[in-house]
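If you scroll down you'll find the structure; I have some questions about it.
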Amino acid sequence: MREKQQGTTGAGGMSSGAAAASPGQRHASIVEMLSTPPPAIVVQTGMEDENVRATGGETAADGDERRTLSRQSSTSSTESHASATSCLTKVHAQKWQHIELSQLVEENKLVFINAEMSVEEAFNTLVEHNLTSLPVERYPGDMDCVTFDYNDLNSYLLLVLGKTTVADEEITRQCQSGQPVPVGRIVKLTPKNPFYKVPETEDLSTVMGILGSGVHRVAIVDSTSSSIRGILSQRRLMKYLWDNARQFSNLEVLLNSSLQKLGIGVLDPHTPPTSRQSRVISILDTEPLLVALHKMHTERISSIAVIDHQGMLLGNISVTDVKQVTRTSQYPLLHNTCRHFISVILNNRGLEMGKDSFPIFHVYPTSSLARTVAKLVATKAHRLWIVQPVEQGVLVSPPVAPTTIDGSSEFSSRHVSPSPAPSPAGSHGPLTTSASPLGTLDKEYSTGKLIGVVSLTDILGLLARKHTENKLVDPLSARRQRGSVAR
């Protein structure tokens, strides 16, 4: 479950083959570089380099000889230098629907945690291994394990702060008195989808039907022993299809079609979502960060759009950002505005990356599916916000300025330089300031009025309906199963 979740601003990434521009030179837009699938690369059989395997692999922990599908698939990984160079380059002759899951499994080691481990230790394990979710075992070899992720950490934080309540009075008392709480008890507080297990002899068509319904990941198991061989996440499947899109000619028509034509994404925030659309959930930039975290908790979502009073998209806050407020010294951020939090994160990311960064987590109704998938893959995001382009001459709110921890802001005249550089495992430490990653914006980086959202689930559901026998796949079924918290 190494699925990298969307960050606060979904910073863009530059392709590895793109040369860095000089400070005074306009940088090429990421979508100009990534709107078409990577060129086909013929890989010789027998090569040992993990970067040329069908799905890259990474040793996550010693002592566990289980296997995983990819660097990002066993436990939802955050940004890493290794993943920036992990390209899925294996060429397949058959249609993608018929590829057996066994062909994608690569030997690796999974990271599991015991249900008796404290929430604090579980969080430290996430950070130590640069992950965003971990399987929680009640006993070694537990086949019905659930996962601990940042949604659980968010629920725990809200419980500690007294912003939510649960029926278990003992857990409430332990949380609010600072006592260690077993992670196995916390994960039970957040509704989960079933732990789906798919035999490795099944093909991608089967998995597409499951992931296209909104399930975030499935376990790939040995067909004889039923032991887990790996975990396939929505994003890793999307990356696999994108990186090999030139080999799958039946994807061409869909990739060249616009979101509007395909009918995916909510294109009107006032229109109720259908069975094939996701809801647009946003928060005003003037609201406290704590309200945003609570809203993500109640709505069972992993990210939320930040807008101004005119409905203009300003930024994005992800549930993974809760790691930025786990220390007592960071608690003041909880009561400051969402706009302030976004600016602080931009500064922090700029310092960690060593380069300027700017969010490109939006697309337009007229954007092609290819451009949308390219941005999802490049930003490691789960969803992109659909905006209506700003008409010339229309005044809109200025973009969020990177802000220091004390609230001061600074702007730079430099041009934007999207970067795929990773966020280090220690990114949950104190937030610091850096030079502003915002500067003169060209049309590609301007946003607009929030009118919709398109997610990995929407796209995988579309592929399932168009190219598999799963014609009735409902992208919202898994979310309805998880439910929302009564307010």
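A Cβ is built for glycine as well, from the same backbone N, Cα and C atoms used for every other residue.
Sharing the feature lines straight out of Swiss-Prot:
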{"type": "COMPBIAS", "residues": "70-84", "note": "compositional bias 'Low complexity'"}
{"type": "COMPBIAS", "residues": "414-430", "note": "compositional bias 'Low complexity'"}
{"type": "DOMAIN", "residues": "105-165", "note": "domain 'CBS 1'"}
{"type": "DOMAIN", "residues": "189-248", "note": "domain 'CBS 2'"}
{"type": "DOMAIN", "residues": "274-333", "note": "domain 'CBS 3'"}
{"type": "DOMAIN", "residues": "396-469", "note": "domain 'CBS 4'"}
{"type": "REGION", "residues": "1-39", "note": "region 'Disordered'"}
{"type": "REGION", "residues": "56-84", "note": "region 'Disordered'"}
{"type": "REGION", "residues": "406-439", "note": "region 'Disordered'"}
Would you list the DSSP helix, strand and coil counts for the residues of the domain 'CBS 3' (274-333)?
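Tallied per class, the domain 'CBS 3' (274-333) gives 23 helix, 16 strand, 21 coil.
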According to DSSP, how is the domain 'CBS 1' (105-165) divided among helix, strand and coil residues?
21 helix, 14 strand, 26 coil
Could you tell me the mean pLDDT over the domain 'CBS 3' (274-333), as a whole number?
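On average, pLDDT over the domain 'CBS 3' (274-333) sits at 88.
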